[in-house]
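Per Swiss-Prot, the features are as follows:
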REGION    1-71  region 'Domain I, interacts with DnaA modulators'
REGION    71-119  region 'Domain II'
REGION    120-337  region 'Domain III, AAA+ region'
BINDING   G165, G167, K168, T169  ATP binding site
REGION    338-457  region 'Domain IV, binds dsDNA'
Amino acid sequence: MSPSIWEKCLKYLQNKLSPIEFSMWIRPLKAEFKKNILILYAPNEFSFNWIKDNYIENLKKLLKNFCNINTTPTLMLKICKPKIIQKKFFNELTLKKNILNSKLTYNVNTKLSNIIYSSEINTNYTFQNFTKGQSNQLAFKTIYKIAHNPGKNYFNPLFLYGKSGLGKTHLLHAVANTILKYKNTIKIIYINSENFIQNMITSLKNNTIEEFKKYYRSVNTLLIDDIQFFAYKKHSQEELFHTINALLNRNQQIIITSDQFPQKIHGIETRLKSRFECGLTIRIDPPDLNTRTKILIKKSHIYDINLSYKVAFFIAKNLKSNIRELEGALNKILANSDSKKKIITINFAYKTLQELFSLPKKSITIKNIQKVVSNYYHITIINLLSQCRLKSIVKPRQIAMAISKKLTNKSLSEIGREFNGRNHATVLYACKKIKKLQEKNNNIKKDFLTLLKILSS
C-alpha cells in the first residue's frame with residue numbers, strides 16, 4: 001500500500017465530515033506503515049477510545065474502497081508515544097490550504113494532544129515584533145501579563161476594542177504563540193467570529209453540534225476576533241453565550257476583540273454584552289506620531305528597505321489612520337524603488353505616496369511647529385523652550401523660530417512670546433542665523449526643507 005492511499009482517505013474524510021469533526025478527531029491521527037499494516041496513532045487515550053467507538057469500522061471500509069481486495073492493509077489503532085512525533089508520518093504530507101477551513105500550526109516541541117487546538121494561529125505575530133506606544137500601552141501590558149498566566153487574574157474576559165488596523169489581531173496571535181511556547185499543555189484556540197459562526201452552521205447541518213460544543217468548551221484559552229460579526233445572529237449568540245459561561249465557570253481565559261465598545265455594538269444581546277464587560281475592557285487608539293515612525297522603521301527592516309528616521313518621520317506625519325496604511329505605504333515604496341538597497345529620500349517618498357497623504361491643509365500654529373521640530377530632533381518641548389545653551393537644543397530652537405516666521409502670520413514679538421517669553425530681537429537673530437547656516441551647511445538646509453514639507457503637507 002502506498003502512502004497516497006492514506007492521503008486519499010484524509011481528503012475524502014475532510015470533504016465528508018464537518019471541519020470541526022475532521023480537525024478534532026481525524027487530522028491528529030498519525031499514520032505509520034509496516035509491511036501490510038497501517039498503524040494509526042491517536043494523540044491520547046480519550047481520542048483513542050472515541051476513534052475506536054465511532055470511526056474505526058468506517059475507516060476499515062474506506063481502506064477497502066481505495067485498495068484492491070488482496071492489498072487492503074490490516075488496520076491497527078494505538079495511543080501515540082512521545083517519540084512518535086520525531087518520525088516522518090505520511091499524513092503530514094502537505095494538504096492544500098484551500099481545502100482546509102482551519103490552519104493548524106505547531107512545532108516539534110508541542111505535545112500531540114494539543115495540536116488540534118492551535119487553529120488559525122499566525123506564528124509571525126509575536127510580542128517581540130509588536131510596536132508599543134501610548135495608544136496601545138495598557139492593552140499590551142495587560143495582554144502580556146495574561147499570556148504568561150492565563151485565567152489566573154481578574155482580567156477575564158479581556159475585551160479589546162478599536163478601529164481596524166490598530167494591532168488587536170496581532171496581540172491575540174502573540175498571546176497564542178506565547179502560551180504555546182511556554183505553556184504547551186494548555187489548549188488554546190484563536191478564531192475569527194465569522195469562522196466560528198460558519199463552523200457552527202456546518203456542525204448543525206452535519207448533526208455534529210455536540211462535537212462543536214465539546215471542542216470550544218474544552219479549551220483553556222479562547223481568543224475570538226471581530227466579535228461584532230455576531231450581530232443579529234441569534235442562534236450563534238446563544239451558543240457563544242453558553243460557551244463563554246462554560247469557560248468562565250472553569251476559570252479559563254477568554255480574550256475578545258471588536259471595532260466598538262460592547263454597549264455600542266448593535267444587534268448583540270444585552271446579556272452577551274454584559275458578559276463582555278464583566279472582566280476588563282480596554283480601548284486601543286490610533287498610534288501617535290512617534291509610534292507610527294517606530295512602526296515604519298521596524299517594518300522597513302523586515303522588508304529590507306533602506307529607510308532613514310527622517311523619511312520615516314515624514315511618512316508617519318502624513319499617514320495617520322492605522323498600521324495597515326503604513327504597511328501599504330512601505331509596499332508601494334518597495335514596488336516603486338529600483339532595488340531594495342536604494343536609499344529612500346524625502347522627495348522619492350513624497351512622489352510615491354502623495355496619493356495616500358492627507359492633502360487638506362490645516363492651519364499651522366506655533367505650538368504645532370514646536371511639537372514637530374521637537375519630535376524630529378528627539379528632544380522635549382520643555383528643552384526646546386528652555387534657556388539651555390547646548391548646541392543640540394539651540395539649533396532646533398532657532399529652526400523652530402525661523403519656520404514659525406515663514407509659515408505663520410505672527411510678528412517676531414508674538415513668536416518670541418510663544419518661545420517662553422523671548423523678545424523680537426532673539427527671534428530675528430535666529431531667523432538670520434538659520435538662513436546663513438543653510439547656505440553653508442547642507443544638513444541644516446536639508447532639515448529645514450524637510451520640516452517645511454512635513455508641516456506644509
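Using the three backbone atoms N, Cα and C, a Cβ is placed for every residue, glycine included.
Locations of recorded Swiss-Prot features on the structure.
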residue: G165; record: ATP binding site; contacts (Cβ under 8 Å, 6+ apart): S321, N322, I323, R324, E325
residue: G167; record: ATP binding site; contacts (Cβ under 8 Å, 6+ apart): F130, T131, N136, I284, I323
residue: K168; record: ATP binding site; contacts (Cβ under 8 Å, 6+ apart): A139, L160, Y161, G162, D225, T257, I284
residue: T169; record: ATP binding site; contacts (Cβ under 8 Å, 6+ apart): Y125, D225, T257
Composition by DSSP (helix, strand, coil) of residues within the region 'Domain I, interacts with DnaA modulators' (1-71): 43 helix, 11 strand, 17 coil
Helix, strand and coil residues within the region 'Domain IV, binds dsDNA' (338-457) as assigned by DSSP: 80 helix, 1 strand, 39 coil
Chain-mates of G165, G167, K168, T169 with C-beta within 8 Å of site centroid, ATP: G162, S164, L166, H170, L171, T257, I284, N322, I323
